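Visitor: The following feature annotations were taken from TrEMBL:
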- A:12-32: transmembrane segment (TRANSMEM)
- A:52-73: transmembrane segment (TRANSMEM)
- A:85-103: transmembrane segment (TRANSMEM)
- A:109-130: transmembrane segment (TRANSMEM)
- A:189-207: transmembrane segment (TRANSMEM)
- A:237-259: transmembrane segment (TRANSMEM)
- A:271-298: transmembrane segment (TRANSMEM)
- A:310-329: transmembrane segment (TRANSMEM)
Amino acid sequence: MNHMKKWKAIEVTEIAFLSIAMAAILILLSGADPLTAGRMFFNGIFGNASGFGEVFVKATPLILTGLGCSVAFRTGFFNIGAEGQFYIGALASAWVALNATGVPGVFRIILAIGCGFLFGGLWALIAAILKAKLGISEIICTIMLNYISMNLLGIAVRTFLMDPAGSIPQSEKIDASVTLLRFLKPTRVHTGIFIALGAVFFVWFLMEKTTSGYEFKAVGFNKRAAACSGISVVKNIILSAVLSGGLAGIAGAVEVLGVQKKLLEGISGGCGYTAILITLLAFNHPGGVLLVSVLFAALEVGANSMQRQMGVPSAIVDFLIGFIVLLILGRELLTGKMRAKEGK
Amino acid sequence: MPLLEMKHITKAFSGVYANEDVTLSVEKGEIHALLGENGAGKTTLMNILFGIYQSDGGEIFYKGESVRFKSPADAISHGIGMVHQHFSLVNRMTVLDNIILGSGGKKEVLDRKQASEEICSLAEKYGLFVKPDELVGSLSVGEQQRVEILKALYRKADLLILDEPTGVLTPQETENFFHVLRRLKDEGHGIIIITHRLSEIMAISERVTILRDGKSVKNLVTLNTTPEELSAYMIGRPLSPKTEDRKKTSKEAALSLEGVSLSKKRAGKMALDHICLTVYKGEILGIAGVEGNGQKELAEVITGIRKHTEGNISFDGSAIDSRSVRERFHKGISYISDDRHMDSLVVDMTVTENMILRTYNRLPFSKKWILDYKKAENRALEAIEEYGIRTSGKSGTRTPVKLMSGGNQQKVILSREISKEARLIVASQPTRGLDIGATEFVHQTLIRQKNQGKSVLLISADLDEILTLSDRIAVMFEGRIMGILNREEADVFKIGLYMGGVTEEGGRP
């Protein structure tokens, strides 16, 4: 046990050191001074309120989609489709926000977010049923469904949801009464962050304290033993997948109602894929998802500041994230092998 | 000069000795038995010899020269052959192709004809009869074993290591197998046979080396020893005599199966073919048979994991055909599977979590939707106390089950499945992989259940186990019950015939 803790500590410092070194090299390669760039990086995050707030604006959809993935991974349903579920959730909530004009402000927000959850969940249900009943790989299904949903949204913003006054493929602006309140002006932080934090608590409670969480865990680790003990494997896979898609759908809704205030293409910014990395790095733990999401968001905000101030490409961050993931997974593999060698 | 000498072999894993100062020598033309409980270090020793592990200390002399094999390929090229407990054959290839697989030699083109002739002459010489053109997948287990031995001989093995070779054979097949071994011996081959069956050691070996706790504790000439002496050396104390009295069985049926069938997914064959069977209260009904003849399917149909396609199953007087696994468990049918790691445990979860795998959704462990881990923990602590479970770790009830020994894992399952409410225990290979101490514990637990008026359906490939525990013995062959014998009339020969699918007159197929 102690042994493992020691490994963990060494790993964390090593990985931090390696990634900082790599960042410095990349910045040098792009012709800038790493020290100034570093200062700009932190300046972007901590230098002013709006930058700091932006970290939480960016973290909100990451937390929600990350939680979504972690719920699905718990039962062994490898949901690569958070991206698509995000789009469907965004589409559904935008439609409700724009068209359910009979419903007054706050209730329309609740309805829109509810629909985001519902349709994101239904979108995941397609893959879940194919997997649970027919044994078709959920990885392939959810990836394919991502393309479908992306193009569905594309069709929507060019036809029935297109802003009649404009010529760009995007919806008209959502009425201010139906958007999420920005309560920390001048930052863009909106009430969506509370939805995300609520979801963190909900998922933690579900996983750790309820019989459903227990069933998810048993099914995820050993489907056969679960079935032999009378736990329904099909039911739990479907349930976790729907919940997972629903959370990604909420992320879409929150992004529409809190940040963009309209529906447009590419609205997710790839956060459905980033979510998979976040979940992996957080070892499926809801608290970990929160932490890693905030870290990823901070990286992005800092990198954007570097790019604005010094022209260092912000793509460096994507490079670094990939590098860190490889380091961590590679490390796991290495220590796992070493432990196996010692133990056998 | 001995064929093989292993001197003072030492091997440690993470500071724990798996082999410590082990010495073993095998002569040409000798059958040498390696005896020891699970975990005594037999497999480690053989893996060192076969080049799978490297020893930390000690020397190996083979044919007089000092050797150190770096890989199995290295060992094979020196003339050592190993037949593993689980065969390494390719089912969809022919016997011939399996035998020559990987031994291509230096020629560019395969000469199947010449290889075939060579194999046939080897087969003739040792009585290992197989048809070279048949697919391995269609052979019986006994025949597959012959292919494995031929494979080793074809690679010019002078020393054969056989790991638990009789575990999967019927008594008749075992007898044939022994004939082959004697012929090999007469031709000057050295043979190491790993086993824990004392009767076989007495029947076949010249000498025995006994391992206990990683050390070679004794080397005996078989003629001068007795099974009692062997087992005393093996477990370090004499076997405790079976003290449990047996109560008579009741006339009241607990479980009855009428014409129960299960069709296989593929092929026209039936996995279960019109099984009629009754288990009475207070009875242990043994199911004997070579593995893979429908025993697993029978257990799963009774426990509800699979749904039978024909016939009726009733328990305690009411039909349970359409009941789910969970409903059957709460009616009193519990299940100890032959595959602990796949069927009965979630090895990545903790002792506590595994303990409530059946009952987590009921009081006291949960109320509505909320789990009460405290109550579950207490339940686990009780079980640890009652069954003497050692969790091997400081985390106690929070130890992941995968870190525990097989015997302790089995105790977790026993304590979960044998509750007060259990009235029929379907126990499949309940002592597989357990050491003698744990095996005794399981046997006594099962007999105690019987004496309390509960029923036990005991499925086992170990005939000794079936004969010691059962009130009646049913023998399965290809999904059918070949016959049911009472405890008094059961003998190995008769059961062996049934196991091979032969019904003599008077049998009840």
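Our numbering is plain: 1 for the first residue shown, then up by one each step along the chain.
Keep in mind that glycine also has a Cβ here, set from the backbone N, Cα and C atoms.
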Visitor: Counting a contact as 3 or more Cβ pairs under 8 Å, with residues at least 6 apart in sequence, do the transmembrane segment (A:237-259) and the transmembrane segment (A:310-329) touch?
Guide: no
Visitor: If you count Cβ pairs under 8 Å, which stretch among A:12-32, A:109-130, A:189-207, A:310-329 touches the transmembrane segment (A:85-103) the most?
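Guide: Comparing A:12-32, A:109-130, A:189-207, A:310-329: A:109-130 has the most Cβ pairs near the transmembrane segment (A:85-103).
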Visitor: Under 8 Å, at least 3 Cβ pairs, sequence separation 6 or more: does that hold for the transmembrane segment (A:12-32) versus the transmembrane segment (A:109-130)?
Guide: no
Visitor: What stretch, picked from A:109-130, A:189-207, A:271-298, has the most CB pairs under 8 A with the transmembrane segment (A:52-73)?
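Guide: Answer, by Cβ pair count: A:271-298.
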